[in-house]
């Protein structure tokens, strides 16, 4: 019988470990364990759980010569070391009361209850000492085993009179008593396993916090990049427009005033941007301002054709379409020396995703330019296509699709849906 005590008590502990593992997979339990600080309600819930686990050990009996090898202290010490005095003491008192009603006939029930309560108090003291001395979490399992052995030693001291009683009645020999207590001491080893399991789960909180901070830093970095990119208004466009206005003030003042209004609206739109998404109708209005200004400058050198779904209503990155139209006009149409056409298509793919396409006639885009954009090999002073491509990649993970046509260029992309790189 004595030889089997350690094996059977280990089975008992393994049963508790299995229950603990199941409990730690429950969402409420994981949410509590992942918190940096426990609230009063959290500690009450944890105390109830450890009290139930401690009481359950009484229903897996391990009896030897009229006494019981208890693993209650494994639960109590684990709770106290991991969560503090409140959990350790409250669960030990509840477990002690339960043991009193459950095992009144046992000759060592009083010392056993005393040792359980002392275990709760001492484990709470160890928890406080760990916080004061800033002991690394990874050493708590060792402290748990040491605490368990100390408590078991104290319980042996409390059992002196009972041991003498059973010796006098020839119920057990001293050799059997020593063997029984040695086996009971060995049952304190599972405390380390209990503590390690909980610490591993709690360490997930640190990992989650680190990942969350990294994601937040990435989002802020992307937002900063977007603000820089959005602030890059082509200076040549601005200077040329001002020169055009200066010329028109002499020959056509009314048209000059109209151009000033459109330019002011265009510039105000750019200056008021704070990196957030805007409604696609605002982006189209900004595009119209740009086209009106350019039509005043270049008169009948180009035409723009719109094909936009009526029910398109979605937020998109600001200044994402106008730079593409600007590139189509300046590098595709104006350099060709002939009148060109620009086709703007905006179609709804789903409730939160749209397809945008800009196609122009004229000189096709250079293959080297496409390759440089794909390889992020564009000079820092170059804006336009690369600007848009980088912003799309930051926000959606996928940039521009640029196609060289026989007589022109086509650029398209998707916006909307779920994305991670940026939060408005």
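Just so it is clear, glycine is given a Cβ too, placed from its N, Cα and C backbone atoms.
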Which listed span TrEMBL calls transmembrane segment, if the choices are 6-23, 24-41: 6-23
Range among 43-62, 163-182 that TrEMBL annotates as transmembrane segment: 43-62
Annotated transmembrane segment segment (source TrEMBL; candidates 74-101, 186-213): 74-101
Average model confidence [pLDDT] within the domain 'Histidine kinase/HSP90-like ATPase' (318-412): 87
